[in-house]
Amino acid sequence: MDIRAELPGKIVVKPGAKDSLPEIIESLGCTNIVVVTDRNLWSMLGRELENIFGGRGIAFSTVFAESADGNSVEAAKRTIESSNACLVLGVGGGRPIDVAKYAAFLSKRFFISFPTAISHDGFASPIVALKDPQGNPLSIFTRPPTAVVVDTDIVAQAPRRLLASGVGDIIGKVTSVADARLAMRLAGEEIPEISLVMAESAARIVLSEIDELARWSTRGIELLVQAGLLAGMAMSIAGSSRPCSGSEHLFSHALDKFVPERKSLHGEQVGVGTIIMAYLHGLEWREIREALLKVGAPTSASELGVPREKLVECVLRAGELRKRFTILDAVRLNEELVLKILRETKIVD
Ligand SMILES: NC(=O)c1ccc[n+]([C@@H]2O[C@H](COP(=O)([O-])OP(=O)(O)OC[C@H]3O[C@@H](n4cnc5c(N)ncnc54)[C@H](O)[C@@H]3O)[C@@H](O)[C@H]2O)c1
Ligand SMILES: O=P(O)(O)OC[C@@H](O)CO
Ligand SMILES: [Zn+2]
C-alpha cells in the first residue's frame, strides 16, 4: 500500500541536549521564537533557557499553556502572529507539547518538541489529543515535530509517576498492534507493516528492558525515549494513531469521558487497559501486569482511583467511542464476563 509520510527532521537525545537548541533553531534560519510551556517548568528551566537564547541573540516570547484546550492554542497562535515568530518550541509534558504542536501546525511554523517528561508518546508524534464538546477523543493528525530534542538529564529528574505513565502508554502497543492486525484480517483494513513493526518494537524495548527502566537509570530513560520515538514515527508513517492506539486506548478514552473526576494519567489508564485487552486477545497479560508493577504503574481499579462499577462501564462502552475496529468488535461482552476478567487479572478483588 502507498506510504506518504514525514518524519522528524532532527532528533537529539543526550544529557545537556538543551544546549543544542540554539544551533538547531539557527539551522532553520530562525532568530525569533515562541516558547510554549507551563509555569511550573518555566520556574525550573526559564533562567537557563533565557541565558541559552540570550547568548545567541535568539529573541523569544513565552506562552503558558496551563490547559491543553482551544483557548491555549488560540493564545499561542496570537503570540506567534503578533511576534512574527519563525518557530514554536514546546517545553514540558504532554500539555505544552500538544498546544505548541497544534499552534505551530495551524500557524504553519516549525515546531521543536523539547519534552521534560516522557509521560506518553506525544513528544515525537504528529498527533494532538483533544476532546470534542461531548468528551469524545479527538485525535488530530498534524505534522511530526521539525526537531525532537530530549535532554535526558532533565527527563531523568521528572516525577517517576510521569515516566511510569510513559511506560504504560508504550506497553499499550502490544494490544494496539494486535487490534490493527485483527482489523486487517477481519475488516480488510490496510495498515503499513512497517508502522506495526515499529510500534511492536517500541513495546518490545520496554518489556525486555523493564528492569533497567525500573531503575530509572540513564540507560532506562534513553530506552523509554527511543521507544517513544519509534511509536511517534510509526504514527507518522501510518498516517494516524492506528498502530499505537487500539482497544486499550479506547478504554482510556472511556475513563476520560465517563469518569471525568478521575486523577489518573493517560499512560496509567492505557496500562490497565492493556492488561484487559491482552486477556481478550489471549495474549500474555501477566507479563504486562508484572512490567507495570515493576515501574510502579497502576494495575488495579483502586490504584486508578476508579470505582469498580465505573470500570466495568468503561470496558463495556469503550468500543462506542471511535469507529476503529478492535478486539471489542470481535467479542461479545456483558457485565458478568467483564467482572470475571477484571477479577482474574487482579484489576478488581
Ligand atoms: N498528543 C498525544 O498523542 C497525547 C496523548 C495522550 C495525552 N495527551 C495530552 O497530554 C496531556 C497530559 O500530558 P502529561 O501527563 O505529561 O501532563 P502535563 O503536561 O500537564 O504534565 C504533568 C505535570 O508534570 C509537570 N512536569 C513535566 N515535566 C516535569 C519535570 N521534568 N519535572 C517536574 N515536573 C514536570 C508539569 O509541569 C505538570 O505539572 C493532556 O493534555 C493530554 O490530552 C496527548
Ligand atoms: O489517537 P489517540 O487514541 O488519541 O492516541 C494517540 C496516542 O495516545 C497513542 O499513544
Ligand atoms: Zn497513548
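Each Cβ is built from the backbone N, Cα and C atoms, and glycine gets one as well.
The glycerol site in TrEMBL is built from Asp121, His249, His266 plus one of Asp69, Asp169, Asp179, namely Asp169. In sequence order, His120, Asp121, Gly168, Gly172, Ser245, Glu248, Ser252, Gly267, Gln269, Val270 are the residues of the same chain, not among Asp169, His249, His266, whose CB sits within 8 A of the CB centroid for the Zn(2+) site.
Between the C-alpha atoms of Ala117 (NAD(+) binding site) and Asp169 (glycerol binding site), the distance comes to 13 Å.
Taking a Cβ cut-off of under 6 Å from any atom of ligand 2, the binding-site residues Gly94, Asp121, Asp169 reduce to Asp121, Asp169.
If you check the binding-site residues Gly94, Pro96, Asp98, His253 against Asp121 (glycerol binding site), the ones with a Cα inside 10 Å of its Cα are Gly94. Nearest neighbour of Asp98 (NAD(+) binding site) by Cα distance, taken over the binding-site residues Asp169, His249, His253, His266: His266. When the binding-site residues Asp98, Asp121, Asp169 are compared by the number of other C-beta atoms lying within 10 angstroms of their own C-beta, Asp98 comes out lowest.
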